[in-house]
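K.L.:
First, the structure itself, so that you have it in front of you.
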Amino acid sequence: MMSLNLAHQTGAAGVAPAAPRTAVVAAAAGTVSAPAVAPAAAPSLQLQTQTVDPAAPAQTPESMLAGKPDLAMACQALVESLPEADHPDVGGEERRKVGVPVYVMMPLDTVRKDGNGLNRRKAVEASLKALKSAGAEGIMVDVWWGIAECEGPGNYNFTGYMELMEMAKKNGLKVQAVMSFHQCGGNVGDSVTIPLPKWVLEEMDKDQDLAYTDRSGRRNYEYLSLGADAMPVLKGRTPVQCYGDFMRAFRDHFAAFMGNTIVEIQVGMGPAGELRYPSYPESNGTWRFPGIGEFQCYDRYMLSSLKAAAEAVGKPEWGNAGPGDSGGYNDWPEDSPFFRREGGWNTPYGEFFMSWYSQMLLEHGERILSAASGVYTGTPGVKISVKVAGIHWHYGTRSHAAELTAGYYNTRHHDGYQPIARMLGRHGAVLNFTCVEMRNHEQPQDAQCRPEELVKQVAAAARESGVGLAGENALPRYDETAHDQIVTTAAEKAEEERMVAFTYLRMGPDLFQPDNWRRFAAFVKRMSTESGVQDMCREQVEREAQGVAHATGPLVHEAAVALSN
């Protein structure tokens, strides 16, 4: 569920960056802020998704404080006197103080692959109790399509997930449930492999164009190509129908938990659950940070749509393929004529292609959100959210190449996140964004990484579109530097419309190491109090965290041991 490469992103840990590439610095010198208001977008393309099989009818798809007791007492009194929110929290059990609720991601393999129970049940039980004691709001868990509907179409098995929901409810924790329609494995941090359902893979074997395809013909089996969204290619159903049916089955199966325990449905829309193309796959060493990635538009469904779009603008010669000079997965922007400073991305052809490529991604999101809204509208207390990837490398260049190949048409001249935020706003969905913990100076400078500016740009897009913003850390970080950055970002949002939630990556043995656990407890406390009190009472928060760590010691030790086995 991450977008970044661990070996190059630990920042404070002092990992050496990739070999210097001074050319990219020279080509794009100077800091880059988020694009100002983007120029008016090109007229919406009338996009069609068609099979090139002449025997098949043409079809169109349906159109985010020790030693200072007096000060400590004053801080505590101030915290306790904070006004409560005007509305009860979801479930109506209590009224929470102003703050950002913290959820914790469960291990990827929380539920057994057969779907019939939990892995390491004892560890899960101890972990949930410890999280509740530390003040966490709840947990996030992947509900894998490849587990819950593995054996056959419409044959759903939520047994293991039911066990987890009951356990969360018993411990007073809320749940963010991720409808994970992607493969686990092949992305940063994927420690296990959970493929798509067997019957889906069978159809992909019959028709390999159901898989995303790059210019060299390499197929990607992480997620079904969005070009086939509206085609009845899965035993008579379209992919979007399958996603909608899965969400409906989940809603019905967990009706007693919806709105009181299950408070958010994050709808997976691509690899790693993110609304993007699989432009930087790590499997088999295909991509390495900070490569620009490759366009994924070479299955016959995507090519058919591209051809139709080119003909619609009177340029049929633009519809045969993607840019031929866009480089390879591990190139840098200046290596590619298309992405260099004054490259093809900034020509009429480049604008046409990027408008089509990004619009296809937006329409994919629109179709799935329409299905999700149809399922969950009328379910009080349940929010829908969508995850957007934090692609911060080469953000300081003009072309933003790595974002373009992923489907985000974000350049020096074009805001790629506002259209996404507006699309989410039409469905009342929350925009969940990663890399909230990162600072610019921690990243390889020659790769023009700008995570802080990227987060600000996405936050501005959410604000202007009236969309709630939620955050995640992109990589496991247990240090106070990362925690400070997250709290600062959340506090800044609190001055306008508060970040609605933060999800902490991830539950595991490292989280339950004594020092990490103490720092986590302090982090949760700081996130749960009003921003004006956080810094003033830092020592008080640390003392309370030490108390939590001491009180939960046996539980934490039990969880750490069990998770390590």
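Note: Cβ is positioned from N, Cα and C throughout, glycine not excepted.
Just so it is clear, the model here is predicted, and its values are computed rather than measured.
Residues annotated as substrate binding site in TrEMBL: ASP142, HIS182, ASP190, LYS387, HIS392, THR434, ASN473, ALA474, ARG506. Annotation source TrEMBL lists active site, proton donor at GLU274. The active site, proton acceptor annotation in TrEMBL covers GLU472.
Please situate the listed features within the shown structure.
P.N.:
Residue density at ARG506 (substrate binding site): 21 other Cβ atoms are found within 10 A of its Cβ, drawing on all protein chains shown.
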K.L.:
Distance between ARG506 (substrate binding site) and GLU472 (active site, proton acceptor) at the Cα atoms, whole Å?
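P.N.:
ARG506 (substrate binding site) to GLU472 (active site, proton acceptor), Cα-Cα distance: 10 Å.
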K.L.:
In Å, rounded, how far does the Cα of GLU472 (active site, proton acceptor) sit from the Cα of GLU274 (active site, proton donor)?
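P.N.:
A Cα-Cα distance of 12 Å.
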K.L.:
Just to confirm: which same-chain residues, 6+ apart in sequence, have a Cβ under 8 Å from the Cβ of ASN473 (substrate binding site)?
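P.N.:
The list for ASN473 (substrate binding site) reads THR434, CYS435, VAL436, GLU437, ALA482, ILE486, TYR504, LEU505, given in order along the sequence.
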